[in-house]
Amino acid sequence: MKHITDLYESVNSTMSNKSDCPPVVLPEEVFFTISVIGVLENLIVLLAVIKNKNLQSPMYFFICSLAISDMLGSLYKILENILIIFRNMGYLEPRGGFESTADDVVDSLFILSLLGSICSLSAIAADRYITIFHALQYQRLVTPRRAAVVLLIIWACCIGSGITIVTFSHHVPAVIAFTALFPLMLVFILCLYGHMFLLARSHARRVSTLPRANMKGAITLTVLLGVFIFCWAPFVLHILLMTFCPADPYCACYLALFQVNAVLIMCNAIIDPFIYAFRSPELRDAFKKMIICKRYP
């Protein structure tokens, strides 16, 4: 919260001095409501996979990882609002030691949300690539145990990177490293897509004989990736502009949309579960069983 709040205060200062564009301010109730819905939706996804043995496969493990990332992004805003309420009620000393520590923890959740989403989408992309072009070896190459190990490595790296970024968040190299992860992830996934496209053209007949579920999973990834880019790209651009051209009047007008960009990030956590449910009959069935309290096989 400290780093994001400082950023927002700096934006407001820039608006008043360098631009005719007033900052767009949204009610805190909007943030809180979206965050609570995001946590509940992704918690349902996790419970559905945990309770349904038919969903306990590497693909759904990676989806659960993405759901956890979305939950962290929603929890970030909920905890931030709680801290603000406590501070306004006088229970926290402004800029005090406890608040500073709590701010770092909350900011770490935000960083973890982005890093976890990037890595989870990359893992899903790699999984779909293997599913389509190494279908016969898939069961041998991608086992639940190997998927679990990959996820442990991913989250260990995310936690380490998140702590480092929060610790050095006021240094330009740290900001560049943080924002660079976004395009690097896109390049990695687009390279996989490009390779898949070239192989699909040269092996059109073999690809057409693949199980429909394999191709459907690739389409699901495409939708998830598109939503992720739409929701996160404006904020990443915001960070870059705030770092390199905060005084420019054109940049300042874009920076006025800080809270709008923040809402887009939280909407990502709400949209993803609907994509899972819409694209996966197995998950839809699991959700229905959870709603009517029917036992799983």
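Please read every residue number as a count from 1 along the shown chain.
In case you wondered, yes, glycine gets a Cβ from its N, Cα and C as well.
According to Swiss-Prot, the disulfide bond annotation covers C21-C253, C245-C251, on the basis of similarity to another entry. Per Swiss-Prot, N-linked glycosylation site is recorded for N12, N17, and the stated evidence type is sequence analysis. Swiss-Prot lists C293 with the feature S-palmitoyl cysteine. Per Swiss-Prot, the feature topological domain 'Extracellular' maps to 1-23, 80-104, 169-180, 245-256. Residues annotated as topological domain 'Cytoplasmic' in Swiss-Prot, with similarity to another entry given as evidence: 50-58, 127-147, 200-217, 279-297. Taken from Swiss-Prot, the feature transmembrane segment covers 24-49, 59-79, 105-126, 148-168, 181-199, 218-244, 257-278, and the record attributes it to similarity to another entry.
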For the transmembrane segment (105-126), which partner among 24-49, 181-199, 218-244, 257-278 gives the most CB pairs under 8 Å?
181-199
Cβ packing number for C251 (disulfide bond), 10 Å threshold:
20
Do me a favour and check the Cα-Cα span between C21 (disulfide bond) and C251 (disulfide bond); whole Å is fine.
10
Are there 3 or more C-beta pairs under 8 Å linking the transmembrane segment (257-278) with the transmembrane segment (59-79), counting only pairs at least 6 apart in sequence?
yes
With H, G and I counted as helix, E and B as strand and the rest as coil, say where DSSP puts C251 (disulfide bond).
helix
Summarise the topological domain 'Cytoplasmic' (127-147) by DSSP state, stating how many residues are helix, strand and coil.
18 helix, 0 strand, 3 coil
Report the mean pLDDT of the predicted model across the topological domain 'Cytoplasmic' (50-58), rounded to a whole number.
86
